[in-house]
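TrEMBL annotations:
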BINDING   G117, S118, T119, K120, S121, G122, K123, T124  ATP binding site
DOMAIN    100-298  domain 'FtsK'
Amino acid sequence: MVISNKFYESQVINGKEKIINYIPLQYQETEQDVRVACLKYGGKYDSKANQLGSLLSSSVSLELEEMIEYTNSVMYIFPKSAEKRLTWEDTLQTEKLTISEKVGWQFGSPPHVLLAGSTKSGKTVMIENLVAQYLHLGSEIRLLDPKKGELSWVVGKKLEDRLGYKVVYNSPFQIAGALREVVLEMNRRFQVMADNPDTYISKGKVLSWADVEGNYPLVIVLDEGIAFKTEAETTKEGKQAYQEAMSNLGSLLVKSRQASIEVIVGLQRASSDFIPTYMRQNFGTALLLGSTTADSDSCRMMFSSQDIAYKTCDIGTGYIQIDGVIPTPKYVEVPFKSDELDFEKYFDKACDFYWSMRNNDGLSD
C-alpha cells in the first residue's frame, strides 16, 4: 500500500534509489483482529493518518470496524470475523445495556441516551428494546410520547397493567408535569442520601442511589421531542409548559446520575431545534440509525468526532458513540426483532425481571 500509493520520498544516491521519508505504520495481528497504527511525528504524512481506512481495508482484505484517533497516532481495527447480530431475546440475558455483541455499557456509566433516526430507521423499535432492558435491571419507567404512538399504546399500556403505576404521558402538560415530578424525586433522593452518609458513603466514595439495596433506577423516555415542542407552542400556556419541561430536562441531564435517574430522548432528526448543543454534551450515549447517517448536519450534532467516513445505513443499522467506552463513532447493527417474536410474552418476561428484583419470594403474578 505504501509503495502503490507512493506514501514515501526517495532520492537517487550513487546510482541507487534510497527512501528518505515515508508514512510510518505499525502492524499487529491476533486471532481476533488485525490492527494497523499510523504514527504521527509532525511530518509530511500526518494529514494522511486518518484517511487510510479504505486503502488499508483493501490491503488486508478485511472490513474496517473502528478507527480511533490518538494524539500521536491513528489506530485502524479490522476484525477477522463478523460481529454476531443480537436478537431481542439476547438482550435480556445480560446485566449490561446491550446494543450488539461488542457494544454495551453499565447503567449510569455513562448516563443518558440520545437516539435519532428518520422513519423506517428502527428508532422506535430500539427504544422499545431499551425499555425492556431497563426493566430487566429493575428500573421504573416513564414514557413521554407526544405523538401517542406505538410506544404509548403497545408498550406503555402493557407496562401500566403489569407494573401498577402510571407510565404513559402524552399531552404537553402531562409531559411537563412528569418531568417536574422526576426532578422532585431526584431532589428527594439527594436529600435522603445527604441525611444518611453512613449508608451512601463507602470507602471514601459516594454511592449512587441504586447502589444501595432496596433502591432502584428511574428511566424517563421522551420520544419525538420535536412533536412535543410543536404541539406545546400552539398556546401561551403550552409554551410555558414547554419552557418548564426543557429546564427540568436540562437539570436531569446535568445532575441526575448520582440519583440513578436516566433520560432517553428519541428524535426523528438530530437537530439543535430541540436539543441545544450544551444539552447534547450531557448524553453519554449517542446512537444514529438509518439513512440519517447520510446527513452531515445530523452526524455533526450527534457525535463529537467528525473524522469519520459515515456510510448511509439501513433500518436497524447506524453509528454509536459512548463516552469512555467507544470514543469515536462506530458502525453498529442493533438487536433484531424477528417477526416470530411474541411481543406480549417478551415484555411479560421483562416485567417478571422487574418484579423479581423487588420480591424476595419470587416473581409477581
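From the backbone N, Cα and C atoms, a Cβ is placed for every residue, glycine too.
Curation does not apply to TrEMBL; its annotations are automatic.
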Inset, instruction - Excluding G117, S118, T119, K120, S121, G122, K123, T124, please set out which residues of the same chain place their CB within 8 Å of the center of the CB atoms of the ATP site, keeping sequence order. - result: Q268, L289, G290, T292, I315
Legend entry - Mean per-residue pLDDT computed across the domain 'FtsK' (100-298): 94
Inset, instruction - Within 10 Å of the Cβ of S118 (ATP binding site), how many other Cβ atoms can you find? Include all protein chains, please. - result: 16
Inset, instruction - Kindly assign G117 (ATP binding site) to one of the three DSSP-derived states: helix, strand or coil. - result: strand
Legend entry - Cβ contacts of K123 (ATP binding site) (under 8 Å, same chain, 6 or more positions away): L115, A116, G117, G266, Q268, L289, G290
Inset, instruction - Rank the binding-site residues T119, S121 by the number of other Cβ atoms within 10 Å of each Cβ and report the first-ranked residue. - result: S121
Inset, instruction - Starting from the Cβ of G122 (ATP binding site), draw a 10 Å sphere and report how many other Cβ atoms land inside it. - result: 23
